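Visitor: I have a structure I would like to understand better, so I am pasting it below and will then ask my questions one at a time.
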Amino acid sequence: MERANHSVVSEFILLGLSKSQNLQILFFLGFSVVYAGIVLGNLLILVTVTFDSRLHTPMYFLLINLSCIDMILASFATPKMIVDFLRKRKTISWWGCYSQMFFMHLLGGSEMMLLVAMAIDRYVAICKPLHYMSIMNPRVLGGLLLSSYAVGFVHSSSQMAFMLNLPFCGPNVVDSFFCDLPLVIKLACEDTYMLQLLVIADSGLLSLVCFLLLLVSYTVIVHSVRHRAASGSSKAFSTLSAHITVVTLFFAPCVFIYVWPFSRYSVDKILSVFYTIFTPLLNPIIYTLRNQEVKAAIKKIRTRHINS
């Protein structure tokens with residue numbers, strides 16, 4: 001789709017995280033290490049699940065899809081941010097800016113629904129263990145996964161549909177390290193109050209529905225686990241706590257960012273960093289350090305590699 005003829009802005013200027021040259025060098029080194037950790041950590045999960053047949057279960061199938069989304073979520077803006085730390089003028093093209101916003105909401109919406117799918121999987125595994133494999137069959141898994149990506153695509157497309165015809169005729173400075181939808185909307189050369197409400201309603205509705213589904217699912221699961229034998233409930237609580245931790249880390253920044261999305265507080269930058277960088281880093285750590293099966297599989301692959 002062609003840009004609106006009355007939009008004369010061809011690029012946006014990103015202010016980044018700090019104007020201090022010393023801090024930017026420190027950030028360059030720090031975020032380079034963090035981004036490498038994200039890629040390596042999620043690749044480790046992908047390789048481990050792929051090459052260990054004992055992990056070829058519905059739960060780990062969903063987990064490797066979460067790792068894929070996390071790697072892409074960390075990559076839509078982080079590499080450019082790292083390079084921009086070494087540049088005085090941090091610019092991004094009009095289409096580059098819109099691409100960042102599209103992929104952020106595509107991946108964010110997909111991950112929300114994938115977390116719901118993982119909660120459903122844990123519900124079936126813990127509450128209906130004898131029927132787990134028959135219920136979570138390949139057809140159901142494929143449907144859950146397809147639904148996750150479809151919801152993310154529809155959500156992102158609806159958000160961008162609000163943006164495509166907005167005129168940008170002057171202001172082009174985005175006070176962040178990537179093009180964030182609430183910040184870019186404020187730069188339009190027309191009254192965007194109603195559009196801001198639509199954006200909040202769109203993102204807020206998806207987040208609220210997913211959060212309520214997760215809340216109900218985990219409440220039922222916890223109630224079921226509490227009535228089980230101690231030996232069986234210990235492993236279930238361990239797995240469940242990892243899922244709840246990931247859900248909390250994912251949704252907490254979303255709440256702050258989209259409850260006050262048009263504020264000017266610098267805390268928004270911190271939350272954006274946490275949401276797009278640290279959550280994809282923490283996910284593989286949580287799922288490996290708290291999961292005995294994954295740790296055993298990693299040890300087995302490492303031993304096999306050393307022996308060979």
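Each Cβ is built from the backbone N, Cα and C atoms, and glycine gets one as well.
Note: TrEMBL annotation is automatic and uncurated.
According to TrEMBL, the record shows the following:
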type	residues	note
TRANSMEM	25-47	transmembrane segment
DOMAIN	41-287	domain 'G-protein coupled receptors family 1 profile'
TRANSMEM	59-78	transmembrane segment
TRANSMEM	98-120	transmembrane segment
TRANSMEM	140-158	transmembrane segment
TRANSMEM	204-225	transmembrane segment
TRANSMEM	237-260	transmembrane segment
TRANSMEM	272-289	transmembrane segment
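Looking at the shown structure, what environment does each listed feature sit in?
Guide: Using a Cβ-Cβ cut-off under 8 Å and counting only residues 6 or more beyond its ends in the same chain, the transmembrane segment (59-78) has close neighbours at 31, 35, 38-39, 42-43, 45-46, 49-50, 99-100, 103-104, 107-108, 110-111, 114-115, 117-118, 121-122, 125, 141, 144-145, 148, 177-178, 276-277, 279-281, 283-284, 287.
If one looks beyond the transmembrane segment (98-120) by at least 6 residues along the same chain, the residues whose Cβ comes under 8 Å of a Cβ in the stretch are 59, 62-63, 65-66, 69-70, 72-73, 76-77, 92, 144-145, 147-149, 151-157, 159-160, 163-164, 178-181, 184, 203, 206-207, 210, 213-214, 217-218, 221, 243, 246-247, 250, 254, 276.
Under 8 Å from some Cβ of the transmembrane segment (140-158) lie the Cβ atoms of residues 58, 61-62, 65, 102-114, 116-117, 120-121, 202-203, 206, all in the same chain and six or more residues away from its ends.
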